[in-house]
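Single-structure report; data block below.
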Amino acid sequence: MTTIHIDNRPYPAKDGENLLQECLSLGFNLPYFCWHPALGSVGACRQCAIKQFKNEEDKHGKIVMACMTAAKDGIRISIDDPEAQDFRASVAEWLMVNHPHDCPVCDEGGECHLQDMTVMNGHVYRRYHGRKRTFHNQDLGPLVNHEMNRCIQCYRCTRFYREYAGGRDLDALVLRNQVYFGRHQDGVLENEFSGNLVEVCPTGVFTDKTLKRHYTRKWDLQTAPSVCVHCGLGCNTIPGERYGTLRRIRNRFNGAVNGYFLCDRGRYGYEFVNSGRRVRQPLLRKNRTQLLQPVSKRAALQHLGELLSGGARVIGIGSPRASIEANFALRTLVGRDQFYLGISERDLRLLASILDILRKGPARTPSLHEVELADAVLVLGEDVANTAPRLGLALRQSVRRQPEKIAKKMGIPLWNDHAVREAMQEEHGPLFIATLANTRIDDIATRTFRGPPAELARLGLAIAHALDPIAPQVPGLSDTAQALAGAIAEKLKAAERPLVISGIGCGDKAVVEAAANVTWALCNMGRPAEFCYVVPECNSLGAMMLGGGSLETALEAMNDAAADILVILENDLYRRADAALVDRLLAAARHIVMIDHIEHTTSAKADMVLPAAAFAEADGTLVNNEGRAQRFFQVFVPRGEIEGDIRGDTPGDIQESWRWMRDIMVVGRGDEGQWSSLDDVTAACAAVIPSLEPILRAAPSAAFRMDGQKIPRESHRYSGRTVMHANVSIHEPEQPQDPDTALAFSMEGYSGHPPPSLIPRFWAPGWNSIQALNKFQDEVGGPLSGGDPGERLIEPTPGKKAAYFENIPAGFEPRVGEWLLLPLHHIFGSEELSILAPGVAELSVQPYLALNPEDASNLGLTDGDEVQLRLRAQADAQVDVKADDSANTTATTAEVFRLPLRFKPELLHGTAGLPAGLTGMGNLAGVALPAWGELKKV
Amino acid sequence: MWNSLKTMWIVFLHMFHRRATIQYPDEKPNIPPRWRGRIILSRDPDGEERCVACYLCAAACPVDCIALQATEDEHERRYPEFFRINFSRCIFCGYCEEACPTDAIQLTPDFEMGEYNRKNLVYEKEDLLIDGPGKYPGYNFYRVAGITIGGKNKGEAENEAPPVDPHSLLP
């Protein structure tokens, strides 16, 4: 810490940090455009001009750019100096010369950094009346809208898109005052982080195209802190609602998790909440020949009560995409022994093994922010760019850690972004990617390795052996693989913060164990190694910590004694396991009760469907891949089915899953008043399962008040309160009450800064854009004031020596006439909920089967031909499940699929790729991959 | 005593003054054009809706009695899908007119809005939209804005240079 003098008053500052960041951290309002806390300084916009003085006697001073000047002890600067103020105002005026007269129809209006800065500079009157420069716009796809006239040439978009996110198809074109930011021609932005341009752009050049279809200003949105449900990373989001529909997702900064950026699946997947496939009313059929008919909530519960009162046997199937509270409520309803997790045996074993490794091993699992700090990374078997995209972005930053030393040696401060990049040139730190197929982060990889799961596991085990000779040796490894393992081991050993990333994406337990061996080998050598596992869903780990059997064991239990009622929670079983198995499971139950928010194949077979609340309509806790428990909050009260009804006039039948469970318990068993709010469920869960006890601290309870007030979900400028329902009834309805949280469905309440886990929006006086976040951090770019939200549930046992996994899989042997089908994940398409959003659906891949061209030509096939796939019965397939034969024999008999062929040259001879979890693939979506199948020309 | 007589005299003289009271409603009062009465939505000189659904009127409204939803036509011209004013809440402060960047929302000299049923005081866009430009003839927001709408491409608005060709490096 040093002391700097701003306008003749001393302030503490961080030595060597740039003055702009220090001034903002100290709470000064200093305008800026091109600087961004995550992107660093380039000094391009000349907006943060301040006066610097030589010493106390110097009255003249000189104008410098705050973002390009380091804070040194005793430095004297002035923000309020009239000359500096004039300078800043004239810079704003120049930037505004060509800015169009668009604000009323611009989607950025009301949360525009350019508006804020122009007001801050006092440039209030246009003197220029000449002709304005214009540009044509480009069609950048279904997610991002382009309006180039508004550009102020700050270069933030290309700096983020190209340098931070690794995109290639957006650049600055032309020259002089005609610089154009766009693609070489119209087309979808290729990078999966393109949605961040909406927030990075200080004005309205890049705006949210999905928001444009149902546009609402920032001040009119009802918002609450939420957590993304589209992958296992648990990025923090701010969903916004207006008139009963979800309008958009914005990033909610969490320094430990997502930081400033979200992936496009998380940002644009929200529209499933507004989807036509939502269940909005209870549906019931008394016998299976009939169709499901809408019934009232009371009738549905009454019917359930009658079924339950006869001492019926109930089996519950939970879900990794439902909150801990919902799963726990189901577990309480059916009893611990009748509760199953709703995932296949194979996935259960993989996740159990991950949880075991995380809990018992000596290595720590890093947060996403800590992944960015790793200086040597091995990715084993996980296509992170598709299964956990934000992790891929973190890896793009981690490869900068070692080259940064070059800049440090040259005395360049790390915030001086352009100079650092010049010093680093094309240097990348060690990143080794061993996966089934090519990934989108291969461009920054030091070395890549392609192969089927068995080969990946063998490579991993060989690295572990190269690090620590006590680790098991891999017999029969090829020389190239051996050399690669040695090279990787060398780099990991030399690193200060080595990291191993793996996951269940390639569906092989040996890969997971191999990753653990590598990390433990490093730990046993005394290196501070970390490992990060990617889990497929938003609450995969949370559900695992609750405990419960797989779908296969559920079927077994039902075969032993037929269940009367099968309660399925937020789960499409046909995506989890083989169709034949699910068919048998559903057939074994006399009554199937489905509680979910969307209709799907499983709900169509249910006898009763109860409308559950989607993530934006409910509260709950999710546990991400790091074992971080995070609370998400209800954004709005879902509307009922009544035409013309908006926002809770008649609240409708949708309610949180745990409330359905409670209601069922009340009608079935007469357990009156067990739970009245979410806190009761969370407390009960923490009491029953000690390892989940920290979820109580994930966010303040419902009784929490700031100055005796709740925290409002609506901004103080929220409009239309006395008229939005007036077309239905002139009598204004009471604001909906929220017994579950410390937030209120209201404009009224505490107006200051709430605790970090309860921040419903970022706004500060004079700062209407997302950059208001600066005011919520003690140090700009650092964690939120009061600490980043979330409670870590899993901490390693330090200093412990872990025993290595000894299971070494045999090398991959191609078979004659058969191919090993490998799962290929896709950011747009592989996830169940986001695909219901039109923008994501448009970008989704179509079903295909991938082969390398050589194998294809042997079959007489070329690119685009239709290929026939016959799956081998899984009983003898080479999948990981070795024990529990009963589970395996239940698997499919040969089913035939027809798919178009696509070439993928990196696939090994004898292997083929299938897109994982694609809804358009029918029963293939539930098949556990890898699996063996026969291919034939149609 | 003297004071009382003086007062009576003044009252007596008033009998010969011009009368201020008019026999409303038989006789209509003369209201200045800038009177803040019933709110209307106007059209631009081309006969299109002036409102671009920017939500500023709704934000400015101190009693929150304006609600609308923006939408776009096939040429991306923005207009309100619905526009609703609850006149039983309106205080006729005129902030909405002041906030309107396109001169669309205007207050008129009409104040005769009495209703027996409060529901009838909820005006939808059909009730608010008039056929002319109202108090401000001539102004057309889309002629000066930079965005493209049907019939007006980039560079065709007032004071705009022709669009830059991003594939050329010529000065």
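Cβ atoms here come from the backbone N, Cα and C positions, even for glycine.
TrEMBL annotations:
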type    : residues                    : note
BINDING : B:C51, B:C54, B:C57, B:C100 : [4Fe-4S] cluster 1 binding site
BINDING : B:C61, B:C90, B:C93, B:C96  : [4Fe-4S] cluster 2 binding site
DOMAIN  : B:41-71                     : domain '4Fe-4S ferredoxin-type'
DOMAIN  : B:81-110                    : domain '4Fe-4S ferredoxin-type'
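Locations of recorded TrEMBL features on the structure.
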| residue | record | DSSP (3 states) |
| --- | --- | --- |
| B:C51 | [4Fe-4S] cluster 1 binding site | coil |
| B:C57 | [4Fe-4S] cluster 1 binding site | helix |
| B:C90 | [4Fe-4S] cluster 2 binding site | coil |
| B:C96 | [4Fe-4S] cluster 2 binding site | helix |
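Per Cα geometry, B:C61 is the residue among the binding-site residues B:C61, B:C90, B:C93 nearest to B:C100 ([4Fe-4S] cluster 1 binding site). Note on proximity: among B:C61, B:C93, B:C96, the binding-site residues of the record, the Cα nearest B:C51 ([4Fe-4S] cluster 1 binding site) is that of B:C96. Residues from the set of binding-site residues B:C51, B:C54, B:C90, B:C96 situated with their C-beta under 8 Å of a chain A C-beta: B:C54.
Here the Cβ of B:C96 ([4Fe-4S] cluster 2 binding site) has 24 other Cβ atoms within 10 Å, regardless of which shown protein chain they belong to. Taken together, the residues of the domain '4Fe-4S ferredoxin-type' (B:81-110) have an average pLDDT of 96. Counting only residues at least six positions away in the same chain, the Cβ atoms of B:Y95, B:C96 sit under 8 Å from the Cβ of B:C61 ([4Fe-4S] cluster 2 binding site).
Cβ neighbours within 10 Å of B:C57 ([4Fe-4S] cluster 1 binding site), excluding its own Cβ and spanning all shown chains: 25. Those same-chain residues not listed among B:C61, B:C90, B:C93, B:C96 yet with C-beta within 8 angstroms of the centroid of the [4Fe-4S] cluster 2 site C-beta atoms are B:I39, B:C57, B:A60, B:P62, B:V63, B:C65, B:I66, B:I91, B:F92, B:G94, B:Y95. Within the set of binding-site residues (B:C54, B:C90, B:C93, B:C100), the lowest number of other Cβ atoms found within 10 Å of a Cβ is recorded at B:C93. Its Cβ placed at the centre, B:C51 ([4Fe-4S] cluster 1 binding site) has 27 other Cβ atoms within 10 Å. Of the recorded residues, B:C93 ([4Fe-4S] cluster 2 binding site) and B:C57 ([4Fe-4S] cluster 1 binding site) place their C-alpha atoms 12 Å from one another. Note: the CA-CA distance between B:C57 ([4Fe-4S] cluster 1 binding site) and B:C90 ([4Fe-4S] cluster 2 binding site) rounds to 12 Å.
For the pair B:C90 ([4Fe-4S] cluster 2 binding site) and B:C54 ([4Fe-4S] cluster 1 binding site), the C-alpha distance works out to 19 angstrom.
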